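According to TrEMBL:
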REGION    64-110  region 'Disordered'
COMPBIAS  83-96  compositional bias 'Pro residues'
COMPBIAS  97-110  compositional bias 'Low complexity'
ACT_SITE  H205  active site, proton donor
BINDING   H205, N206, N207, H208, H209, D246, D322, Q373  AMP binding site
BINDING   H209, H245, D246, D322  Zn(2+) 1 binding site
BINDING   D246  Zn(2+) 2 binding site
REGION    426-451  region 'Disordered'
Amino acid sequence: MKASPICLETRPSTLFTPIAHRVRKKFKKMLNKELSHFSESSRSGNQISEYICSTFLEKNNEIDISSGGNVTDMAEENDTPDPKCPSPTVPPPPIPLNSSSCQGNNNNSSVKVKTTLNESEEVPPYGVLTDHEAELNKILGGINTWGLNVFKTAELVQDRRVLTCITYNIFKERDLLNTFKIQPKILVNFLMTLEDHYLSDIPYHNNHHAADVTQSTHILLNSPNLNSVFTPLEVFAAIFASAIHDVDHPGVTNQYLINTSSELALMYNDESVLENHHLAVAFKNFFKIQISPKKVAGSGVLLLDNYNDRIQVLQNMVHCSDLSNPTKPLEIYREWVDRIMEEFFQQGDRERSAGIEISPMCDRDNATIEKSQVGFIDYIVHPLWETWADLVYPDSQYILETLEENRNWYSSVIPSSPTDLYQNELREGSNEDEEESVRVLDSSSDYEKEEEEIRNNYKVFYGSGESTSSLLRTRTLKGAATSEASS
């Protein structure tokens with residue numbers, strides 16, 4: 001049996017027709033029946049049926065409305081396995097990888113030319129080639145340290161393959177290659193292919209961000225309070241999820257894709273457009289086989305009662321890593337701020353050119369970067385990280401301290417607004433007549449409205465940090481109560 005891109009103790013007996021594929025066949029059978037009746041009702045019904053078939057079904061599985069062809073029969077005919085060999089299921093055709101459907105990035109040159117190791121090449125010591133081995137070795141010596149500089153790491157490796165480098169070394173550090181019998185060359189080729197599909201001309205959501213999130217998740221998994229909590233497969237899943245979480249990101253927001261009626265927004269019905277796209281790209285293009293869910297859930301190791309709690313913690317761990325920029329050393333944090341704001345501004349430029357409303361924080365002529373970062377920390381990042389720090393106390397207290405220091409720095413450099421200047425003048429003066437008091441109240445009201453606007457803007461982009469924290473806290477307390485009761 002040929003080795004798969006990533007094979008988790010795979011044996012022929014674990015190969016199976018994916019559940020999603022079975023559901024798809026059943027759906028097509030039902031759709032065929034419904035459309036057949038619909039097409040017979042009227043001419044317009046027939047046209048609508050043909051449109052649905054041509055738009056939402058694969059070309060090799062189209063429904064012949066006029067002849068009453070059965071979709072299920074065609075699917076089964078195409079998918080009949082060779083009885084002599086239980087070969088892996090062939091993945092569906094890959095979806096477009098240039099994000100042109102997003103209408104946010106039409107420069108296909110941003111995708112790197114795919115280069116992988118051939119059979120005769122050996123895997124480099126760090127997974128990637130480098131002309132600065134001593135410097136790279138020094139940086140990777142801090143792979144278990146919060147705040148590793150991914151920008152410096154990228155400068156030291158060939159083709160700036162920082163995601164491949166960091167993820168490969170995390171796998172080695174955790175001995176996941178041996179645990180899951182993954183061949184190093186297969187892992188490196190997989191990671192290089194993955195990295196090729198992060199768009200290099202996107203300022204923020206590129207391979208650097210993916211590498212940073214992956215390394216951050218690795219650190220959070222090292223918390224002493226989480227020792228022996230997660231299975232090796234769950235650890236693997238968290239690191240893998242971090243590496244793929246923004247693949248093929250077009251550099252615009254979900255709302256932009258929806259507002260511009262992009263193909264992706266239509267495909268996913270305006271629901272979690274980018275999140276669905278990232279996952280689809282990762283799984284449709286990189287996996288040759290699927291593992292039976294019984295291999296994961298039927299081992300007898302996991303208790304169903306606390307499995308969902310542990311998965312909730314892992315999900316929030318990756319979310320924390322994704323929103324960890326403000327918790328990094330100030331120099332690194334400021335680099336991330338420059339990148340994300342430039343990405344926002346580029347989106348705003350597109351919106352201005354298209355004559356549509358410019359999204360919050362995307363207008364380069366009016367945005368206050370420093371104030372937006374303070375709002376980001378106050379309303380999204382701090383509630384999330386405060387809850388995480390409670391969960392693993394006292395392990396992440398230093399992260400909270402860095403977050404507070406960075407917040408204070410950005411607060412100290414916020415440019416003075418006319419309202420601020422006016423309030424300062426009032427403090428220095430002694431005029432307290434009724435007219436001045438009314439003006440003070442009005443300015444305070446304006447300030448509160450501005451704060452509320454900042455809060456709402458960030459909820460549009462990142463969701464509510466408070467609600468996420470509340471859910472994590474509930475899950476954590478529930479898990480603790482369950483553990484205490486069982487003991």
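Backbone N, Cα and C define each Cβ position, glycine as well.
Annotated features, which come from TrEMBL, shown on the structure.
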residue : record                    : Cβ contacts under 8 Å, 6 or more apart
H205    : active site, proton donor : Y198, L199, D246, H249, G251, E343
N206    : AMP binding site          : Y198, L199, S200, H249
N207    : AMP binding site          : A154, R160, R161, V162, L163, E195, Y198, S200
H208    : AMP binding site          : V150, F151, A154, V162, L163
H209    : AMP binding site          : D246
H245    : Zn(2+) 1 binding site     : A210, V213, H278, V318, D322
Q373    : AMP binding site          : P326, V337, R407, Y410
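Taking all protein chains in view, 22 other C-beta atoms sit within 10 angstroms of the C-beta of D246 (AMP binding site). Between the farthest pair of Cα atoms in the AMP binding residues (H205, N206, N207, H208, H209, D246, D322, Q373), the distance is 23 Å. The Cβ of D322 (AMP binding site) has 19 other Cβ atoms within 10 Å, all protein chains considered.
Taking the mean position of the Cβ atoms of H209, H245, D246, D322 as the Zn(2+) 1 site, the remaining residues of that chain whose Cβ falls within 8 Å of it are H205, A210, V213, S242, H249.
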